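Chemist: Here you go, one structure.
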Amino acid sequence: MATGTVDPSAPKDVQGSSASPREADTSPSNVHGKEKQMVAAVRPPQQRHLNPFVITERPEEKQLGVSTRTLTVNDFALLKTLGTGTFARVWLARLKDEIQQRNKVYALKILRKADVIKLKQVEHVRNERKTLSAVAGHPFITTLIASFSDDQSLYMLLDYCPGGEIFSYLRRARRFNENTARFYAAEITLTIEFLHDVEGIVYRDLKPENILLDADGHIRLVDFGFAKQVHDRETYTLCGTPEYLAPEVIHNSGHGLAVDWWALGILIYEFLVGQPPFWDQNPMRIYEQIVEGRIRFPQNVSPAAQNIISLLCKTSPTERLGYISGGSARVKSHPFFSDIQWDDLFYRRVKGPIIPRVDHPADTGNFEEYPDPDVRSQNIYTDDLRKKYEALFSDF
């Protein structure tokens, strides 16, 4: 049942309860206080998983992924930068009212509106918020707790994964053994299955840098900027990381859900070998290798692993495992995954093979150090930009 089939009777973990209408106090100060109480009451990630029925059929029970007009960045103490991008910075943050409870921390993603517009990322940012709101509560996807905005910036409040990127563990180990690769590939398979079969969402940015580990060694997929709801339609936007692009993306012939299964094959290969199968200093040469589609396997890669990678990396999407008849069930029944108990995995009844060193919930030792932002070089969200674009940010 793990993700594709929705079972109303499966175990549920529903947060909180709604007050009756006559008990509600909607004065601005009280609403603000209740918003902060809601955020502060969010339980640790390992206690907050919702089954697909709650995620998709009863979203009002999640109390997650909401857009709020009362939270502000001034409600939070920004403690340390966890990551940066071309138009966003992610901070470890704590509610100022909870300053004595040092274990209650969050990841606060701050996106400056002017930068988002300048880099033509408005639609990607809107898609990310929409997608994360829809899937909030899935055990292997970063949880959007709330979103909000102010005059200059957009904010997404996410749960904090103290384990850091799986990329760093892979580089340290050079390559994973097959049991480790299989475990994390299986969790990613469940995540892709859910995104495709339940939400009709193509992720389009699978790579080790976008996979975090929580304190129990389970994955959290992050960075949904390229995610898009397509169902069975095709899209034509060229996006993703060169080494992980599917041939149909390079051909610009239209692509859909099948590109995520291609990327899973590339990821399993990188887990087992230590580098992607297609690589070159010149991106154009990478594209040529991908279109050719010839994968060379070292001797240490087992026949079952070679087979599933080859089936996932068929150059024609109509022949690709995961997209052909049988869909994700065919992937899960492949001999490479024969030892996986899928329901136990989805409900996190087993610990991950890599347990990060986390001394306390606010530990940032598994993340790199980043310099403070240079406020002098920041673009300004002018009145002209506001008149043209502000309505597009109304979801935050």
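One-based numbering along the chain as shown.
In case you wondered, yes, glycine gets a Cβ from its N, Cα and C as well.
Take a look at what TrEMBL says about it:
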type     : residues : note
BINDING  : Lys109   : ATP binding site
COMPBIAS : 15-30    : compositional bias 'Polar residues'
DOMAIN   : 76-337   : domain 'Protein kinase'
DOMAIN   : 338-396  : domain 'AGC-kinase C-terminal'
REGION   : 1-49     : region 'Disordered'
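Structural setting of the listed features?
Modeler: According to DSSP, Lys109 (ATP binding site) sits within a strand segment.
Note on the domain 'Protein kinase' (76-337): its mean pLDDT in the predicted model is 93.
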Chemist: Sorted by position, what residues of the same chain at least six away from Lys109 (ATP binding site) have a C-beta under 8 A from it?
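Modeler: Set apart from Lys109 (ATP binding site) by at least 6 residues yet with Cβ under 8 Å, we have Ala88, Arg89, Val90, Trp91, Tyr155, Met156, Leu157, Leu158.
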